[in-house]
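Novice: For reference, Swiss-Prot lists these features for the protein:
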type	residues	note
BINDING	R28, E85, K124, K451	(6S)-5-formyl-5,6,7,8-tetrahydrofolate binding site
BINDING	230-235, 249-255, 274-277	GTP binding site
BINDING	N230, T249, V251, T254	K(+) binding site
BINDING	S234, T255	Mg(2+) binding site
DOMAIN	220-373	domain 'TrmE-type G'
Amino acid sequence: MSQRSTKMGDTIAAIATASGAAGIGIIRISGSQIKTIATGLGMTTLRPRYAHYTRFLDVDDQVIDDGLAIWFPAPHSFTGEDVLELQGHGSPLLLRQLLTRCLDLGARQARPGEFSERAFLNGKLDLIQAEAIADMIGAADLRAARAARRSLDGVFSRRCEALAQQLVRLRIHVEATIDFADESLDTLDRAQIRTSLQTLNVELTQLLRDAEHGKRLCDGLYTVLVGPPNVGKSSLLNALIGSDRAIVTDVPGTTRDTLRESVHFHGLEFVLVDTAGLRGEGDAIEREGMRRTLNELQRADLALVVLDACDPQIGSLALADALTSVPRVLWIHNKLDLLTEPPSVLDTDVIPVSAMTGAGLDTLKTRLRTLLLGETVETIEGEFSARLRHVQALQRTAAHVTDANAQFSYEHLELTAEELRLAYKALGEINGSMSPDELLGRIFSNFCIGK
């Protein structure tokens, strides 16, 4: 039995609303001691899913607060256990006093994310849906919130489950032929397995692409500004975010550390990272800044290579090498206002701008939006939220399917079946069916207390 099983009989409680004073505050309780706690608070009768107005009493029958109590009996509750929600005034002092009373009556303080964890362990949610709750709460824009809503509704889960069933059927088919190893694989069986492998690969590739898109929607496009010193990277960052966040001087090498700012263009989130200019000289601190610049490029979704429009030279072999591993690169010719003649730019990946006057910034923002969403936005209704671990698990799944295809080409049926088993295992990590306890602990520990 899993160490994280909820079959331990304990009852958990936590404040479920945000910290600070508010009109309403909620305490959520889940577990087998609900009726004992309700009685201790002064409630004698509770009807399922009915809002009871009541007074919440302390050990001396003094009123802590008054409000509504709602009982959700198991298994028809969020966690799958008996759940009691207490809705009172949003005073932090009163909420803490009421929570303490619940703990005195037999509950314990819930861990971060423990309510969602219990919902997962009791089969009320899969892991994708549990994570979608946190993604919806933390969404920085409406589109990301709607994508998280679709994951909570099961859009991502159903696609993963469909692929898992295909993997199972295909593995059964392959293993059935192993019993006849002394016979050559007939043409019909060979064609069916080959077609199934190809179909699986196509659908996995599409799901991986959609998951990468979902991750960008939730996390924002991680966009790193790089280039030689004194080309206006910090000025461009300030212009894009609309404030003087980065220090700007005429002295090359002013920026020596990375600076991150989240910004929204067209309702979409971007994480902009200003970095130290790359050149072959500088003191120890500046060299450390350049090292950090190269490290940032390793995690970048997009690199904005900022060059001086008057002399657009990259000037760094290290930067040129690092850019080869970045998924998307956009070239920015800054200081457009200093040109005596209009720029003759033919490359669509080059955008002339002026951080000083704002010329070209709207074009840049529109291009950034296109890079995040793709060339079309016709897939809005199918969008779902995703995380880095989902993308990585799909990548491992796809790699095993590719290896299965290769092994099948050599009629290595045992190895083909094994690769399909490993693909199924990797895919199962996404919805939690194959996730170890340690991974579950890390995931739920990042949730809010009370969720």
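Count begins at 1; order follows the chain as displayed.
Each residue, glycine too, has its Cβ placed from N, Cα and C.
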Novice: Most Cβ neighbours within 10 Å: which of the binding-site residues R28, E85, N230, K233, A276 is it?
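Specialist: By the 10 Å Cβ neighbour count, K233 comes out on top.
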Novice: Roughly how many Å separate the Cα of S234 (Mg(2+) binding site) from that of A276 (GTP binding site), to the nearest whole number?
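Specialist: Given the Cα positions, S234 (Mg(2+) binding site) is 9 Å from A276 (GTP binding site).
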Novice: Which residues of the same chain, at least 6 positions away in sequence, have a Cβ lying under 8 Å from the Cβ of K124 ((6S)-5-formyl-5,6,7,8-tetrahydrofolate binding site)?
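Specialist: Listed in sequence order, they are P75, F78, T79, G80.
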Novice: For a quick check of packing: other C-beta atoms within 10 Å of the C-beta of S234 (Mg(2+) binding site), how many?
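Specialist: Result for S234 (Mg(2+) binding site): 24 neighbouring Cβ atoms inside 10 Å.
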Novice: Roughly how many Å separate the Cα of A276 (GTP binding site) from that of R28 ((6S)-5-formyl-5,6,7,8-tetrahydrofolate binding site), to the nearest whole number?
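Specialist: The Cα atom of A276 (GTP binding site) is 48 Å away from the Cα atom of R28 ((6S)-5-formyl-5,6,7,8-tetrahydrofolate binding site).
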Novice: Over the domain 'TrmE-type G' (220-373), what does the predicted model average in pLDDT?
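Specialist: The predicted confidence over the domain 'TrmE-type G' (220-373), as a mean pLDDT, is 82.
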Novice: In whole Å, note down how far the CA of R28 ((6S)-5-formyl-5,6,7,8-tetrahydrofolate binding site) lies from the CA of N230 (GTP binding site).
Specialist: 55
Novice: In angstrom units, rounded to an integer, how far apart are the Cα atoms of R28 ((6S)-5-formyl-5,6,7,8-tetrahydrofolate binding site) and K233 (GTP binding site)?
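Specialist: Each residue's Cα considered, R28 ((6S)-5-formyl-5,6,7,8-tetrahydrofolate binding site) and K233 (GTP binding site) end up 48 Å apart.
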